[in-house]
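Some features that TrEMBL has for this protein:
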- 23-46: transmembrane segment (TRANSMEM)
- 58-79: transmembrane segment (TRANSMEM)
- 94-115: transmembrane segment (TRANSMEM)
- 127-146: transmembrane segment (TRANSMEM)
- 166-190: transmembrane segment (TRANSMEM)
- 175-261: domain 'DUF6534' (DOMAIN)
- 202-223: transmembrane segment (TRANSMEM)
- 235-256: transmembrane segment (TRANSMEM)
């Protein structure tokens, strides 16, 4: 029997309840760290288009992720090699795990959330919303750091119920901030709807890129909170909590690389085909806000010519034909010009009609005249 947080635990269950979640969580975090390294290498070729603040943030995030991975390797070494067969060591809150889970994840989460919160401020021009979301983000990060630091102290100043409450508050505020970022970005991006196919394709792709990252983090944080609520005092929530910092970093690197590749792929394109985005945009079209159908305008050009003919023109032409020999020495060109000028009068009317076309219920076009220019 091994003494655990809530009493004695059978040694056969210690590995399954405490060690297995730590092992699987660090394995998943290591895999995501490899994905982040790949994304970071891709970002190095596009970083010239970003400001020095964005480049510094990316460098800081990948550095903290590398440091977090070093702590993960040391944790596995401590539990698997140094304390092999020492079951009581598995139920102790190891300081490397607490620092990696609390401090490093808080630094990464606050940095990524501030990036999206600034994007929200740029698109909404609301300092109040920016201040509210920033305050919530910093409070969540501070709660995570406090909970981690008190966990490694020899004498915990907080009771178990207080520590659990701090963990719930941290996860709940993180979920709120990420959902707010995704919701605000989705609302304002869907407002910019145009009748141009290329612009619509760009906006839809930007909507997908902007909302999938904070929304994914919110879902993972919510899953972490649910697992923590249902499985405590076991450590199964660590399978989701330990890779959370790597997920935050991936959520910022993937949109940056997607934005750069999107700019490179659409450079010089004159007509975008939306068939490529049909499956991914099917859900977006159902939630489009402020839908205004484009107005089709029809232009009708009409020209009417009116010719007035003198009834005596035929008699004059007959007399000219009979007297051709007599007037052979006269200037026939001037006579013909005078006859046409006096006998035939041409008049033309030009009109330009502009009317709007709207789809009727029976499938026919309903015409509404806008203006007539004569």
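A Cβ is built for glycine as well, from the same backbone N, Cα and C atoms used for every other residue.
Please treat TrEMBL annotations as automatic predictions, because they have not gone through curation.
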Long-range environment of the transmembrane segment (127-146) - Cβ separation under 8 angstroms, sequence gap at least 6: 102-103, 105-107, 109-110, 113-114, 117-118, 120-121, 166, 169-170, 173-174, 176-177, 180-181, 184
The transmembrane segment (23-46) versus listed stretches 58-79, 94-115, 235-256: most Cβ pairs under 8 Å: 235-256
Reported mean pLDDT - the domain 'DUF6534' (175-261): 79
